[in-house]
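Trainee: Mind looking over this structure? Questions follow.
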């Protein structure tokens, strides 16, 4: 008898923490990376959740700091022949899908994502096959194989609008892999949404009791929440949105103090946007519980200066992203659908 894969029961081993560098070592690797970027005709694209020193280096070298989709779009438009992707593996895959002619390097190919790991292609395909009447919508935080199985790829920034659109056409939805984001979208739209039961290990750890206590300490603070968080956290929020939307909310909200319920890597760009405001981390544990991620993705933390330098210098199988041609073709279709839909929203 086959056993159904249960994303909620899955335990993902965390990678070891990178060895800290002293100031001299940091400066050595920063200069080495700058030199290698020029030698390789490369540009660095970094996610909001990488460490501040990585984001700063991307800025200094003419690169990009953004969400996963904008990272890939920036890379596709840039003249560089090589992209150094500081993030997790699905981000490198997305960049390769959109820029197959470019050399896509990563500091390490072992940088995973719990949402990606929690949606293995064989089990997900069987799930989709069991519901053939539903349109398959998958989050960007998935493998190339899962994207190729989908009808649409979506980011959190346009998830509500896309599901509203599909619902208006009378379509029923399979949503994967994040159950919290799927539930949020369903409540916002009223659509018929069947959710795969994955979750982000960082956002899944935010706790209402601990957050309530923090709100009592800072009663005038606004709460900014990423919709990958549990429903109980989302319901407490003053603003809910994607990484880029939360940064915009930080600027528009009048509050001088902001409690932020997402990966603390976002604080680098958010603090730049609102230097006059105080940013507070939402708690990820409480009532005797201990956090595992402590509001920072352990795989994002693998993108250290030494690893980036090694990726640029060595390349090869340990650092270069490859996507099977057939998978790329299959994944490109739902990605392009999303890009075209997003363009209509901006028009």
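Each residue, glycine too, has its Cβ placed from N, Cα and C.
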Trainee: Hey, Swiss-Prot has iminosuccinate bound by 68, 139, 140, 141, 156, 226, 227, 228, 243. Any idea which of 47, 296, 319 it lists too?
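Mentor: Record check against Swiss-Prot: iminosuccinate site with 68, 139, 140, 141, 156, 226, 227, 228, 243, extra candidate from 47, 296, 319 is 47.
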Trainee: Could you check which of these binding-site residues, 113, 200, 297, sit within 10 Å of residue 228 (iminosuccinate binding site), going Cα to Cα?
Mentor: 200
Trainee: Looking only at Cβ atoms, how many others are within 10 Å of the one on residue 113 ([4Fe-4S] cluster binding site)?
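Mentor: The answer is 25.
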Trainee: For residue 139 (iminosuccinate binding site), what residues in its own chain, 6 or more apart in sequence, show a Cβ-Cβ distance under 8 Å?
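Mentor: Long-range Cβ contacts: 115, 153, 154, 155, 156, 159, 175, 176, 177, 178, 181.
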Trainee: Reduce the DSSP letter at residue 200 ([4Fe-4S] cluster binding site) to three states and note it down.
Mentor: coil
Trainee: If you measure from the Cα of residue 226 (iminosuccinate binding site), which of the binding-site residues 113, 200, 297 is the nearest?
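Mentor: Comparing Cα positions, the candidate nearest residue 226 (iminosuccinate binding site) turns out to be 200.
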Trainee: Hey, how far is residue 113 ([4Fe-4S] cluster binding site) from residue 141 (iminosuccinate binding site), Cα to Cα, in Å?
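Mentor: Distance between the two Cα atoms comes out at 7 Å.
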